[in-house]
Amino acid sequence: MKGSLSHELEVSLPADQLWQVYSTLRLAQLSAELLPTVISKVEVEEGDGGVGTLLRVTYALGIPGMKYHKERFVKIDHEKRLKEALFVEGGHLDLGFSSYLIRLEILEKGHNSSVIKSTVEYEVDEEHAANASFATTDPFMIIGGAVSEHLLQKKSNCSIMLL
């Protein structure tokens, strides 16, 4: 069984500023730093943040049924501001999913606003079809909100220092 889910989060930041975080390892670092109750640790197992990079994401205690996942960056398109990562171990794969792909896009909406579009494409074995309900964009919505809030706060602090 195949499926896909998407979520859009509008934020008051320029697309280029968001992409500077989303296109690099900084997104993973900030995710663990800003959301320790969701992600306890992110380790780079291979690569430098480009295509082919392999991350091990360890979930905080209390995430039912999942302890960690490994994801490989399979696409980074700077022109389209698009990044894709494929789960290669753990996480949803331990729940009967045969494929779990995350797509993150930063869409320009205006001079100082953009949209973070999070998409999950998955395939789950028929015998585990009931587990399709575990597919979700919620973590990426939470991460997007935390990262954009962090960047806005940083921007605000810089403005205050200039006064």
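The backbone N, Cα and C atoms fix where each Cβ goes, glycine too.
Per Swiss-Prot, the features are:
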BINDING   TYR68, HIS69, LYS70, GLU71  tyramine binding site
ACT_SITE  LYS83  active site, proton donor
Item checked: Cβ-based neighbourhood (8 Å from the centroid) of the tyramine site, residues TYR68, HIS69, LYS70, GLU71 excluded -> LEU55, ARG56, VAL57, PHE87, VAL88, GLU89, GLY90, GLY91
Note to self: I need the nearest neighbour of the residue listed as 'active site, proton donor' among the binding-site residues TYR68, HIS69, GLU71, using C-alpha distances.
What the structure shows: GLU71
Item checked: Number of Cβ atoms other than its own within 10 Å, given for HIS69 (tyramine binding site) -> 20
